[in-house]
Amino acid sequence: MDHLVTARSMFGMTMGFHIIFATLGVGLPLMILIAELLYQKTKDPSYNIMAQRWIKGFSVLLGVAIPTGTIAGTQLSLLWPGFMEVVGKVMALPFQIEIYAFFIEALFLSIYVYAADRISPFMRILSVIFIAIGGAASAVLITNVHAFEGTPAGFTITDGNITNVEPWAAFFNPSFLVTAGHVVVSAYTTVGFIIASVAAYKMLRSRKDKKVYSFHRKALIIGLTVGGVFSFLTALNGHESAQHLYEYQPEKLAGAEGLFETQDHAPLTLGGFTDVENQEIKYGIEFPWALSFLAGNSFDTTVIGLNDFPREYWPPLFIHTLFNSMVVIGGFLLMLALAAFVWTKFLKKKEFPKLFLWAFIISGPLAVIAIESGWIFACTGRQPWIIYRMMKTSEAVTTSADLSLLFFLFLLVYIILGIAVVLVLRYYFKRHPVSEDLAKLNSEGGI
Amino acid sequence: MADTVIAVTLLWGLVFIYAIMASMDFGAGFWSMVYINKEKTNATNIANRYLSPTWEVTNVFIVAIVVGLFSFFPSATFTLGTVLLIPGSIMLLLLAIRSGFLVFSHMAKGYEKALIYVSGVSGIFIPALLICVLPITHGGYINKVNGNDRLDLGALFTSPNVYMFMLFAFTSTLFLSSLLLTDYSKTSDQYNAYEVYRRDALITGPCSLIAGFLVIATLRTESPWIYNNMMDHVWALVASIIAFIIAGLCLFLPTKSRLGRPRISVVMVIIQYFFASYVYGRSHLPYMVYPNVTLEEGFTDPATFKALFITYIVAFIILFPGFVYFWSLFMKDRGYLKKNFKSKDDNDPEGAY
Ligand code: HDD
Ligand code: HEM
Ligand code: HEM
């Protein structure tokens with residue numbers, strides 16, 4: 001493989017693996033907090049059991065999130081030394097502040113997990129709040145580095161030297177808030193639907209056991225509520241993100257939509273494949289004028305097509321598919337949550353039919369696919385730049401040769417960790433079924 | 001003080017804290033593996049009880065070092081990032097396996113032993129790999145090929161000095177962790193474990209000291225510049241040795257319950273390492289990577305440094321109470337440390353976690 005391609009694949013692989021666990025790490029504390037609060041409010045011990053089980057799952061997932069994150073952080077310096085030299089001089093703040101967020105999360109996580117029985121309910125809830133803040137803050141901050149890559153600010157490069165550095169201007173670069181917001185709300189969306197997936201699956205399998213069934217039903221409702229609210233916010237904010245692309249990275253938007261000619265009343269095409277030869281999207285469904293509206297809130301908006309950019313600056317055109325997957329999944333999740341809401345609140349139905357449950361079951365994995373597509377779209381769509389219009393990825397890559405062996409070693413370790421984490425979770429939750437937790441409750445005298 | 005000196009002192013402080021915490025962390029993982037079949041001594045449980053709540057916090061420090069390095073000294077990072085690709089990646093792979101399996105071993109009780117073996121073995125190699133960064137920065141292992149820096153792995157792994165550094169990392173990991181666990185078992189009233197770890201500390205302590213001398217002796221021929229600088233601060237080396245001797249003696253002080261006052265020993269040994277790393281760090285200056293990168297050349301933009309420095313101060317004020325609270329819950333609470341063992345005897349599967 002080509003050196004640059006290997007380096008890119010290696011880093012992309014690390015991030016693609018880390019992000020699964022990191023997203024759950026950002027979102028699960030919110031779910032645990034909600035369960036703890038519901039427990040304090042309703043005194044229904046199911047919610048306490050829920051919080052305890054989720055925190056167990058959370059601590060296993062962190063066993064992978066933390067080392068893979070450590071790999072990501074170090075690999076940045078190992079694979080992209082040229083990039084990190086700029087980041088060190090200009091954009092060090094988010095990394096540095098992220099460390100503090102990690103400390104807050106790590107300290108209070110240990111306190112919550114290992115000292116839960118020795119601290120007051122108030123301190124417990126406070127600890128979860130700190131964990132949730134730490135997780136969300138680390139996501140916001142690291143995403144800010146990604147935002148900076150797309151919309152760099154706060155420095156100039158003259159003759160290869162970095163000058164006029166303003167670290168806070170770099171920190172508050174134009175797409176910071178939109179991008180960071182999108183990552184956090186999409187993480188909450190994902191975790192909401194993951195919880196709903198697991199709960200729906202367990203409901204299917206525990207039809208006969210009333211208690212267990214109603215336990216999972218409660219979890220499902222929490223998951224759907226969180227997922228529904230945040231998928232709405234994700235879509236709103238996603239719209240905002242697309243408008244940012246229009247303004248700051250127009251060739252990425254053109255690539256995402258397969259738009260070749262600059263035009264107003266530009267159409268938006270869903271699905272299909274970008275055909276470079278004929279300059280069109282094949283087999284897609286076209287919505288006339290929609291892209292202009294998406295980009296600028298009016299049908300008159302002129303959207304710049306790929307042909308107005310030098311060919312070497314074109315992003316790879318398969319990002320069209322990645323962008324579509326994210327948006328379609330986002331739409332599906334939102335509809336699903338809405339449908340469930342109408343079903344229970346307006347139609348007043350008590351039970352979800354099987355089809356509904358199956359839709360919930362696939363919603364979690366779909367959300368993870370959306371996260372992955374969104375990131376690969378965002379990072380790959382920026383190519384050939386590592387810092388947009390400032391530094392090419394090829395200028396930043398390490399000069400050390402022989403990445404291939406390392407690539408396969410990392411792949412191997414991720415496979416081992418990926419399989420092990422699934423086995424351990426299964427092992428643990430098989431050994432400690434909900435029915436046991438619920439039974440313990442009853443044997444303690446039904447207090 | 002010049003900005004560069006403040007920056008390098010902060011970085012040195014992080015490295016010092018991490019060196020101590022990581023030794024205890026990886027060492028505890030190793031001991032929990034060694035004593036896994038001696039259930040009666042509770043030595044494995046003591047090690048795990050220490051490890052469970054602390055490994056994440058320890059891990060944050062290594063990330064803090066990497067971030068501190070590239071944000072304070074970006075050009076040094078460029079050189080180091082380029083040459084460390086292979087050793088750095090191997091270290092990361094080991095760390096991933098180690099941390100993952102450490103967590104898994106707490107959860108999958110049926111496979112606990114196998115999982116502890118994997119994490120214990122992978123963990124003990126990490127300090128030895130990490131420490132190789134030091135000799136690499138002494139010069140002599142980096143070649144220029146077509147204008148690019150290359151690590152000369154052949155030269156690195158045939159150098160006696162490098163092996164002495166590794167030996168030092170290995171022995172002092174075992175020493176620091178066994179000493180800490182001596183203290184920890186005493187606080188928990190676990191006297192079987194106490195005897196085991198006290199003996200281990202008494203064996204590994206002198207070994208680590210000898211390894212330290214061997215490092216200095218081999219530096220003399222391989223990196224005379226740093227050796228000579230160290231000899232200019234020989235007083236601190238002497239102070240370090242005195243602290244070591246006091247630490248050793250404290251393990252023989254008679255007390256009400258048992259022989260030894262490990263808490264004082266731990267403090268003395270930290271002082272010992274403080275002096276030793278002070279001499280080393282001081283003698284390393286003004287080079288980050290000899291002879292290519294000096295502090296001044298490698299330094300970040302002044303505006304960035306100022307902003308970073310402010311966040312350090314704010315973060316210290318915010319985080320310090322958190323650390324104190326953490327310490328009081330896990331290291332000091334005698335009631336907790338003792339009570340936890342009871343629940344273990346009751347064979348409660350969660351109690352040990
Ligand atoms: C559950 C996950 C999820 C869902 C449902 C959506 N997104 Fe998204 N999206 C992400 C998860 C995500 C992400 C993985 O978090 C990304 C990658 C980089 C980033 O900033 O967020 C992202 C990036 C991203 C970008 C690129 C930003 C850039 O390249 O700088 C745009 C334009 C959108 N999204 C737009 C949308 C729209 C219009 C959606 C309609 C519903 C949508 N997203 C749903
Ligand atoms: C966490 C989810 C992420 C995923 C799945 C992801 C995915 C990828 C992929 C697939 C590539 C290779 C792209 C290509 O070269 O075609 C890449 C490159 C890169 N990404 Fe991301 N990324 C993620 C997050 C981030 C974040 C948060 C940052 C910012 C700190 C970032 C910075 C980079 C850099 C520096 C590169 C290498 C240079 C480049 O190819 O542009 N990534 N990422
Ligand atoms: C290039 C991109 C990224 C880098 C360099 C990175 C780096 C890291 C590092 C070093 C850790 C380990 C922290 C520790 O030692 O405790 C970590 C963990 C974590 N990361 Fe990432 N990360 C990246 C992307 C992301 C993204 C995009 C998110 C959120 C969506 C995220 C969320 C998390 C979370 C929640 C943890 C667990 C933190 C803890 O408990 O300490 N990371 N990451």
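Numbers run from 1 along the shown chain.
In case you wondered, yes, glycine gets a Cβ from its N, Cα and C as well.
Here's what TrEMBL has on this protein:
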TRANSMEM  A:15-39  transmembrane segment
TRANSMEM  A:60-83  transmembrane segment
TRANSMEM  A:95-115  transmembrane segment
TRANSMEM  A:122-142  transmembrane segment
TRANSMEM  A:176-198  transmembrane segment
TRANSMEM  A:219-236  transmembrane segment
TRANSMEM  A:317-343  transmembrane segment
TRANSMEM  A:355-378  transmembrane segment
TRANSMEM  A:405-429  transmembrane segment
> Near the transmembrane segment (A:60-83), which residues from the same chain, at least 6 beyond its ends, have a CB less than 8 A from one of its CBs?
Replying inline: 7, 10-11, 14-15, 17-18, 21-22, 24-25, 28, 95, 109, 386-387, 391, 395-398, 403, 410, 414, 417-418, 421, 424-425, 428
>> Before we move on, state whether the transmembrane segment (A:95-115) and the transmembrane segment (A:15-39) share at least 3 Cβ pairs under 8 Å, counting only pairs 6 or more apart in sequence.
In response: no
> For the transmembrane segment (A:15-39), which partner among A:122-142, A:219-236, A:317-343, A:355-378 gives the most CB pairs under 8 Å?
Replying inline: A:122-142
>> At a C-beta cut-off of under 8 Å, are there same-chain residues at least 6 beyond the transmembrane segment (A:355-378) that contact it? List them, or none.
In response: 12, 15-16, 19-20, 23, 146, 150, 186-187, 189-190, 193-201, 203-204, 220, 224, 227, 256, 319, 322-323, 325-326, 329-330, 332-333, 336, 339-340, 343
>> For the transmembrane segment (A:219-236), give me same-chain residues lying six or more residues beyond its boundaries with a C-beta closer than 8 angstroms to one of its C-beta atoms, as numbers and ranges.
In response: 30-31, 34-35, 38, 50, 182, 185-186, 188-189, 191-200, 203, 330-331, 333-334, 337-338, 340-341, 360, 363, 367
